[in-house]
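Copied over from Swiss-Prot:
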type     : residues                       : note
TRANSMEM : 67-87                          : transmembrane segment
DOMAIN   : 136-238                        : domain 'Rieske'
BINDING  : Cys176, His178, Cys196, His199 : [2Fe-2S] cluster binding site
Amino acid sequence: MISRIPRLLFENILVPVADVLTKSVSNFAGHKSDQSYNSNATRVSTISDEEIEFYLNLKSAVLLLCLALCIAGFSVLMYFLYVLVFVPYNRVKRLGSIGYQNHEEGHLSKKDIANLVRRRRKVGDDLPPVFPNGWFRLVDSQQLEPGQVKQVTALGEHFAVFRSKSGKASILDAYCPHMGGNLAVGGIVKNDCLECPFHGWRFDGDGKCVAIPYSEKIPTFAKTKSWPCREVNKAIFVWFHCDGKEPEWEIPDISEISTGKFTYKGRVEHHANTHIQDVPENGSDLAHLSHLHVPHAMSGANLSTQYSSWWNFAEHIFKAQCIGPADGEPHISLFYLTHYLHVFKRFKLLSLNLNVYQIGPGIVHLHFDSPFGKGVFVQTLTPVEPLHLVLTHNLHASWSIPVWLGRIFLYLEAIQVDRDVMIWNNKTFEPRPKLLKEDSLIAKYRRWYSQFYTENSPRLTLKSEDGNGW
């Protein structure tokens, strides 16, 4: 039966279409294939042999064109199916793409509005330090191939992140100590070292200069700063401490990822115009879950219209329980979250149980158990500069959650984060919020989070000549 399908398509679709197109083109060109009448109304054929040959050749050409278009369309369809089924999801929301739909300066571009909001936003003197101490993601593992170097700007620093030929990742200061050349722009990885594009000085992963092409002797001062680096859970992290202290704790390895039990399904990246503490503080703000995130994800991320969507027959219901700091690991905070979809206020569908681990100021592991299988969202937060951060969610899940289903998970999760970003992009950080007793977890969370600030942690200062700056 299946073998007959191409023949049936050819005979019942392509050939009739070719006939119609051929007649149309032939008539348009002045080659009439029908019969004409003489003065006595007697039908006389006027088709010559040349016209018959022209007609047949034209029909063959049109038939081949239709066949080529069908093959091209089928190829495009198969490509999109391949991407949907096998290619991990990758969605990036740049700064300015979310949360500025209803701004008073609606005639401006989103990029201009985003910059305008950043300049005009009320920033008080009590804003917490902008760069806490801890581990922060710079790139995902799959984004850095062996022998490749990338420039990453984060935490007020410029990093050269490179992977040696043997596969080891290292992080150096981007600027060469010799004459300030940028090691990550034009630099070349040679074996386990990074060569400066300016004069050819070569540095190993520890920052030591191991070769200078025009000097036989390498002076002891020929070295650059090497940053503590860890590659864990398919991402590369840097340790930042304002006082230059060595790492005080390590990032937990998720065994299901390292052993391959969970496979990579995709990622979502958001750029947000906010203070880094605003983002993880969401976990302790239970009241916002039952308001901001209740409308179904398909009702969209625009907060002014989501409640008017016809998708409101279904609602997201969240219940959370905060556990607090982990025993013996004060840098980790735990809480449990349950979710289900409430349809027509009667049926509970798609239940989801999450164990959430806040690890330092910039990492969150969200382990979930769903009707489709188990998995983990690895959330990372990295400040690019004061009040501008990158938020990523990488999904790793069991074989029972295929890539196409992972795409749906990530898409729905991204819409919920879009709603948060719309709030973050337009809010100010309130250092002394007016909290109710029902908001007590927020105060507890802020006390816990304060451990990642020290006396010398960088703060945002105000410059009258150009607005916000250092």
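Residue numbering: from 1, along the chain as shown.
Cβ atoms here come from the backbone N, Cα and C positions, even for glycine.
Mean predicted confidence for the domain 'Rieske' (136-238): the pLDDT average there is 95.
The Cβ of His178 ([2Fe-2S] cluster binding site) has 15 neighbouring Cβ atoms from other residues within 10 Å, across all protein chains displayed.
Cβ proximity to the [2Fe-2S] cluster site centre (mean Cβ of Cys176, His178, Cys196, His199, cutoff 8 Å) flags the following additional same-chain residues: Pro177, Met179, Gly180, Gly181, Leu183, Phe198, Gly200, Trp201. Sequence-distant contacts of Cys176 ([2Fe-2S] cluster binding site), defined as residues of its own chain at least six apart whose C-beta falls under 8 angstroms from its C-beta, comprise Asn182, Leu183, Cys196, Phe198, His199, Trp201, Thr224. The binding-site residues considered are Cys196, His199; of these, His199 has the fewest other C-beta atoms within 10 angstroms of its C-beta. Taken residue by residue, the domain 'Rieske' (136-238) breaks down under DSSP into 3 helix, 51 strand, 49 coil.
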